[in-house]
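According to TrEMBL, the protein has these features:
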type     : residues                          : note
ACT_SITE : 138                               : active site, proton donor/acceptor
BINDING  : 11-17, 107-110, 142, 165-168, 181 : NADP(+) binding site
BINDING  : 189, 204, 211, 274                : substrate binding site
DOMAIN   : 7-242                             : domain 'NAD-dependent epimerase/dehydratase'
SITE     : 109                               : site 'Important for catalytic activity'
SITE     : 111                               : site 'Important for catalytic activity'
Ligand SMILES: NC(=O)C1=CN([C@@H]2O[C@H](COP(=O)(O)OP(=O)(O)OC[C@H]3O[C@@H](n4cnc5c(N)ncnc54)[C@H](OP(=O)(O)O)[C@@H]3O)[C@@H](O)[C@H]2O)C=CC1
Ligand SMILES: C[C@H]1O[C@H](OP(=O)(O)OP(=O)(O)OC[C@H]2O[C@@H](n3cnc4c(=O)[nH]c(N)nc43)[C@H](O)[C@@H]2O)[C@@H](O)[C@@H](O)C1=O
């Protein structure tokens with residue numbers, strides 16, 4: 001990949017896509033292309049093919065997807081499976097057909113692994129047991145995406161790599177109280193409780209599930225590193241991206257309260273689902289390939305909170 005290579009970032013306004021664009025620009029890549037969903041609906045096969053034929057990208061980051069937290073996944077299973085299957089299928093097929101794409105990176109998620117997978121989760125545990133029911137349709141779509149990439153590599157000799165990031169957070173995240181992931185939701189809840197002198201914040205579930213959180217700039221750095229240095233034949237069907245450290249939701253709440261400076265109480269609503277009890281990735285493979293995360297959870301939350309109060313708070 002050189003500084004003039006034509007690079008398409010699908011989903012460039014999202015949490016991940018915007019961080020990838022920022023990293024690419026910082027490293028001096030100048031030939032970047034992108035479209036909003038209203039300019040190009042990636043669920044429309046002919047439009048996606050026409051876009052690839054016209055633009056002829058050489059490298060593709062597939063960071064467009066239909067994304068949400070535990071409750072959104074639970075409430076909208078049809079939208080999660082349909083939108084994700086369509087978006088990823090159209091891009092992967094068009095990338096192959098175009099003949100111009102030298103490498104494609106498909107963004108999956110750590111929810112592809114079995115609900116009760118041995119921890120930390122190795123890439124090889126894929127399909128070793130039943131999935132977490134709250135996000136099974138989304139996980140099935142992501143598994144289909146990585147299987148498409150590996151199948152195209154095997155049959156057509158493409159260089160499509162699938163990365164499986166752990167739970168992400170950072171600037172440009174979705175801070176919606178119903179449909180977002182836990183970290184942005186808790187930043188907003190605690191911020192608003194402090195602002196309104198409200199002494200109680202409600203946390204969903206029991207607070208005991210463990211999650212691993214990766215700051216999105218670190219994720220973008222990992223994606224660029226892999227795009228530049230690693231080819232599909234050097235990894236198996238996918239590669240994990242994480243920090244190797246997890247915390248309970250209860251511990252996460254305490255860090256967020258400390259960063260925001262909130263001393264009120266928290267109550268746990270056990271009517272809401274806990275989801276997977278633990279989701280910690282084994283990151284030996286990416287470390288062996290030479291990459292490691294650099295932002296601590298507390299530092300990442302400080303950066304995210306600062307972005308939130310400037311942009312949304
Ligand atoms: N957030 C997380 O914690 C994690 C995310 N991931 C993966 O990272 C990837 C990116 O996620 P994230 O950045 O969080 O998601 P966001 O929701 O922040 O961004 C997704 C982007 O996809 C675009 N998009 C959605 N539907 C369409 C469509 N029909 N046509 C064109 N574009 C569309 C949107 O574009 P527009 O703004 O123009 O509408 C949006 O900017 C996903 O594959 C996700 O699975 C993996 C692990 C964890
Ligand atoms: C990245 C990953 O994200 C999703 O899986 P998840 O990790 O379970 O997602 P989550 O961030 O929404 O919740 C994590 C934990 O936190 C608890 N929790 C407390 N209070 C709030 C709260 O206020 N909001 C939310 N959302 N969760 C809360 C919540 O009950 C759960 O125990 C997948 O569906 C799928 O999209 C995927 O791949």
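Here the Cβ of each residue, glycine as well, is placed from N, Cα and C on the backbone.
Distance noted between the C-alpha atoms of residue 211 (substrate binding site) and residue 11 (NADP(+) binding site) is 25 Å. Listed in sequence order, 17, 62, 63, 64, 65 are the same-chain residues six or more apart from residue 11 (NADP(+) binding site) with CB atoms under 8 A from its CB. With a cut-off of under 6 Å between the Cβ and any atom of ligand 1, the recorded positions 109, 138, 211 reduce to 109. Following the DSSP three-state reduction, the secondary structure of residue 189 (substrate binding site) is helix. For ligand 2, the nearby recorded positions are 111, 204; that is, of 111, 168, 204, these have a C-beta under 6 Å from one of its atoms. Ranked by CA distance from residue 14 (NADP(+) binding site), the recorded positions 138, 189, 204, 274 have 138 at the top as the closest. Within 10 Å of the residue listed as 'active site, proton donor/acceptor', counting C-alpha to C-alpha distances, fall the following of the recorded positions 109, 111, 165, 168, 274: 109, 111. Residue 165 (NADP(+) binding site) sits 9 Å from residue 111 (site 'Important for catalytic activity'), counting Cα to Cα. Classification of residue 211 (substrate binding site) by DSSP places it within a strand. Around residue 168 (NADP(+) binding site), taking its Cβ as the centre, 25 other Cβ atoms fall within 10 Å, counting all chains. When pLDDT values are averaged over the domain 'NAD-dependent epimerase/dehydratase' (7-242), the model yields 98.
Sequence-distant neighbours of residue 274 (substrate binding site) (same chain, 6+ apart, CB under 8 A from its CB) are 205, 206, 208, 209. Rounded to a whole number, the distance between the Cα atoms of residue 189 (substrate binding site) and residue 109 (NADP(+) binding site) is 25 Å.
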